[in-house]
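**Q** Per TrEMBL, the features are:
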SIGNAL    1-26  signal peptide
DOMAIN    90-184  domain 'Glycosyl hydrolases family 2 sugar binding'
DOMAIN    195-299  domain 'Glycoside hydrolase family 2 immunoglobulin-like beta-sandwich'
DOMAIN    306-472  domain 'Glycoside hydrolase family 2 catalytic'
DOMAIN    631-689  domain 'DUF4982'
DOMAIN    703-803  domain 'Glycoside hydrolase family 2'
Amino acid sequence: MSSLPVIFKSIAFVVAVAFCSTICFAQQTRTVADFDKGWRFHLGDVSHAEQPAAADKSWRILNLPHDWSIEGTFSKDNPATPEGGALPGGIGWYRKTFTVPAASKGKQIYIDFDGVYQHSDVWINGQHLGFRSNGYISFRYDLTPYLNFGGSNTIAVKVNNAEQPNSRWYSGSGIYRNVWLVTTAKIAIDHWGTYVTTPQVSKEQAEIAVELKVKNAGMANANISTHVYVYDAAGKLIAGGGSIPAGNTADTLTALKTKLIVKNPRLWSVDDPYLYRVVSKVFSGNKEVDAYTANLGIRYFNFDADKGFSLNGKAMKILGVCNHHDLGSLGSAINTRALERQLQILKAMGCNGIRTSHNPPAPELLDLCDRMGFIVMDEAFDMWKLEKTKYDYHLFWDEWHKRDLQDQLLRDRNHPSVFIWSIGNEIGEQYSKTDTSGRNIARELAGIVRAMDNRPITSANNDPSRTSNIIASGALDLIGYNYHEFDYAKFHERFPGKKFIATETTSGLETRGYYEFPSDSIRVWPRTWDKPNVREGNRVSAFDNVRPPWGSTHEATWKVMKKHDYLSGMYIWTGFDYLGEPTPYSWPSRSSYFGIVDLAGFPKDVYYMYQSEWTDKPVLHLFPHWNWAPGQMVDLWAYYNNADEVELYLNGKSVGIKKKTGDDLHVMWRLPFEPGTLKAVSRKNGKVVLIKEIKTAGATAKIELTADRKTITADGKDLSFITVKVLDKDGTLVPNADNRIKFTVTGGSLAAVDNGDPVSHDSFRADNMKAFHGLALAVIRGRETPGRVTVTATTAGLKPVVVELNAK
Ligand code: GAL
């Protein structure tokens, strides 16, 4: 591999632009085809299913991404255990037969898998292409040598998720991310062969460094040259340059570097995630043979030991959340709209960061974070050599960790949203005082990362002490704390001159819509792990006052975090509830209680605490509901901002004005229940800011459907999320309504149903779901043909309700 020094040739730029306007856009040099459609699937092992002639006619036809676990039945006896979501695993086979045009002969054809959980073997026309163990890594195979050009080809994939438990959360099973068929010329930019960075950024100008890896698959005297162009978001060409590589011989990989200058750059930030595009073109002689587009966000940032984090010179805190990869009722099958919806809900809360706990994410998540303005901590591993569950990646560590980490870096380092690399979460090697081999592993991993990128490295330590092997290794740029918020204030005493990040915090516990009184004492659950931990209904009060022994309430951690500048930011466990890890309970619970937002995407009350602290928009959130037994003492909380005080009225009579004092994050009233209307009024300087009313709900009288988007794209993938509310005759939510709602869809299909209840064992794939605390969710998928999609919801004794969508 050779690399050239930096060259910027203005003449080449002028020539290239002139050249480009006539030729470049007329040629299709590279195609990246969605390869998700029309696979056949069989659950269970089949011998010789890799052979092209194998009988697959009886197999189910489906489109990827696909997660077979989510289609199964919850049982505590499934080998994943409730910790892993209590859904089935097993072995599955996928096959797809496709033709490759004769005209493609002379091209290179690759298949790209964004992620297969897990242990995948892939064959093309009976030829084994490879095995990947890691269920979260993206990988490519070169199909070219084995294809029948002008004829039929069969790709077969065996997925083995039989040996469980292999995860501490729900993994899903299958080809659960997108698959692409990539066709290029013989000379083309290699897989993940573009690396764009911004080594120097100021208000006046930004230096854009572009590294390209060009692969020449067998052309002698290729006379290769490359040109790089930067376009702004409006598509205007603003910079360009070129470099000519030395190596033009066949079967080589050539590394090229160039630098470009963008004048007066518009900087990428969480509030203005402005993206440029970098188009890299490869020429053989005069002929354009490849073009590849990468997003570019121009920004600079710093972690300072004393001042904390700053972006583009402005001090700010990373206000992030950790999320697992599942999409609730859709399972792990990736869907861009479902991810975007999660990010929109989080953005509206004021969240500006995502930690991809504890594995490389779907590439679409990073694209969305680039576009929507999130600061990503991109995490590699949940374990190294020491196991967390019997069949997890520790078994594959020695053989695969280097390759997997490098592949993650190669794939993800182009994303402007990625700010931090995490080399591991709560790694077992951190603890031992006698076996300190974890220090060497930490150094080795950090070395792999540093050889490829200069963004800061951390690891999520639940032993954030000086003796932790990972911290003692000296390999980390940022000392990552999981929990221990009571120790944050002493950070510099323990680590003088070091930089801090709260890699994971809080783990507050809540069930949406469920409340217990009194609310002003902290409960620590579970108390023990040695016996089943089950309580009536397995619910957790949604006042922010329940935490596991290692965690804190949301308020407790945020109060410390906001106090000290050097605390550069936090990633809360978790933004959304996820399948598996049903702490603090055991079965029959099957999903988490940690989310600020429940599994269905409905915010819990504490969402508004963050919104009141993290955004400027006026917030007044009063809870719980107002349906209790006569005379019962009820605590009422309000989160508010932009106001000096809140006054509460019950049936028109004031029950008192409350003001947050000191570091308070909410106010509370305690009063005996009497039916009627509660009204909270927030005021600033005596002027009303917001009014919030809660009424005692009467009998269930109707349901209401609200689509998050009424117009969706007719691509067979886009989704509309429909919230069902169970209401009384005046439109007040009936807080404990659990009506079973049935959905019929014409013109599209019902992708999933949910209600956010961690204890429900109803299938996400059924055509009905019970409301949970008055709410249910239907996820609707449009067809590929444009047209009207009609969703009808019915429930016993009430009038059916219809919502019309438009698939365009
Ligand atoms: C952390 C761990 C997470 C999750 C969380 C639950 O210690 O990193 O994966 O298990 O606890 O509170």
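Using the three backbone atoms N, Cα and C, a Cβ is placed for every residue, glycine included.
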**Q** Considering only the recorded stretches 90-184, 195-299, 306-472, 631-689, state which has the highest number of Cβ pairs under 8 Å to the domain 'Glycoside hydrolase family 2' (703-803).
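**A** By Cβ pairs under 8 Å, 306-472 leads among 90-184, 195-299, 306-472, 631-689.
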**Q** Please average pLDDT over the domain 'Glycoside hydrolase family 2 immunoglobulin-like beta-sandwich' (195-299) for the predicted structure.
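**A** Mean model confidence (pLDDT) across the domain 'Glycoside hydrolase family 2 immunoglobulin-like beta-sandwich' (195-299) is 89.
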**Q** Looking only at the domain 'Glycoside hydrolase family 2' (703-803), what are its DSSP counts of helix, strand and coil residues?
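**A** Split by secondary structure, the domain 'Glycoside hydrolase family 2' (703-803) comes out as 0 helix, 55 strand, 46 coil.
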**Q** Kindly report the helix/strand/coil residue split of the domain 'Glycoside hydrolase family 2 immunoglobulin-like beta-sandwich' (195-299) according to DSSP, in that order.
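**A** Its residues fall into 0 helix, 65 strand, 40 coil.
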